[in-house]
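J.: Once you've had a glance at the structure underneath, I'll fire off some questions.
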Amino acid sequence: MTEYKLVVVGAGGVGKSALTIQLIQNHFVDEYDPTIEDSYRKQVVIDGETCLLDILDTAGQEEYSAMRDQYMRTGEGFLCVFAINNTKSFEDIHHYREQIKRVKDSEDVPMVLVGNKCDLPSRTVDTKQAQDLARSYGIPFIETSAKTRQGGDDAFYTLVREIRKHKEKMSKDGKKKKKKSKTKCIIM
């Protein structure tokens with residue numbers, strides 16, 4: 001069974017834990033209890049493949065930012081979460097993405113942009129803004145509501161699909177490099 005290491009990142013209070021707990025335990029947590037770091041595991045079937053999701057729910061608070069490099073190193077894919085009623089959390093996505101790319105030493109890291117709390121009427125981040133940002137990053141965008149379950153499972157499953165695509169691409173690139181190296185070998 002394939003295991004996928006997913007990391008949920010974003011500013012404090014955007015609903016990272018609520019989304020994760022909704023996926024794992026099928027219930028909505030409405031009280032805010034800042035996370036330091038929680039780990040969850042769940043076996044699911046995605047596109048006919050049984051897999052194990054190893055989900056790291058991270059701290060959004062700035063005082064825990066020193067821990068970020070460590071969990072970014074181990075993650076295979078990242079849900080970058082902002083709240084649709086919090087413009088600052090949307091602006092912070094850029095910093096999380098840059099840090100992930102720096103730590104992974106790669107421009108190509110599986111990510112999904114997630115606009116959470118779409119059940120709330122007090123939207124300050126327009127859907128089009130988020131779609132444009134995701135398009136500029138070359139990643140999918142999904143609006144979610146941990147409260148109503150809208151899009152939550154889809155966000156995690158889409159991230160797994162992004163990781164699969166990334167692994168496929170990397171293995172194809174690896175095979176191309178191996179083939180190329182065979183043709184360049186000259187013995188004198």
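Residue numbering: from 1, along the chain as shown.
Cβ coordinates are placed from backbone N, Cα and C, and glycine is handled just like the others.
Pulled these from Swiss-Prot:
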| type | residues | note |
| --- | --- | --- |
| BINDING | 10-18, 29-35, 59-60, 116-119 | GTP binding site |
| LIPID | Cys185 | S-farnesyl cysteine |
| MOD_RES | Met1 | N-acetylmethionine |
| MOD_RES | Lys104 | N6-acetyllysine |
| REGION | 166-185 | region 'Hypervariable region' |
| REGION | 167-188 | region 'Disordered' |
| MOTIF | 32-40 | motif 'Effector region' |
J.: Using other CB atoms within 10 angstroms as the count, which residue among the binding-site residues Gly10, Gly13 scores least?
T.: Gly13
J.: For the C-alpha pair, I'd like the distance in angstrom between Gly10 (GTP binding site) and Lys104 (N6-acetyllysine), rounded off.
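T.: With distance taken Cα to Cα, Lys104 (N6-acetyllysine) is 17 Å from Gly10 (GTP binding site).
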J.: For Met1 (N-acetylmethionine), what residues in its own chain, 6 or more apart in sequence, show a Cβ-Cβ distance under 8 Å?
T.: Gln43, Thr50, Cys51, Leu52
J.: Please name the residue among the recorded positions Lys16, Val29, Lys104, Asn116, Asp119 whose C-beta has the most neighbouring C-beta atoms within 10 angstroms.
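T.: Max Cβ neighbours within 10 Å, all protein chains included: Asn116.
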J.: What does the structure give for the C-alpha distance between Asp119 (GTP binding site) and the residue listed as 'N6-acetyllysine'? Integer Å is fine.
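T.: Pair distance, Cα basis, whole Å: 34 Å.
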J.: Between the Cα atoms of Asn116 (GTP binding site) and the residue listed as 'N6-acetyllysine', find the distance and write it as a whole number of Å.
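T.: With distance taken Cα to Cα, the residue listed as 'N6-acetyllysine' is 25 Å from Asn116 (GTP binding site).
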J.: How far is it from Lys104 (N6-acetyllysine) to Val29 (GTP binding site), counting Cα to Cα, in Å?
T.: 32
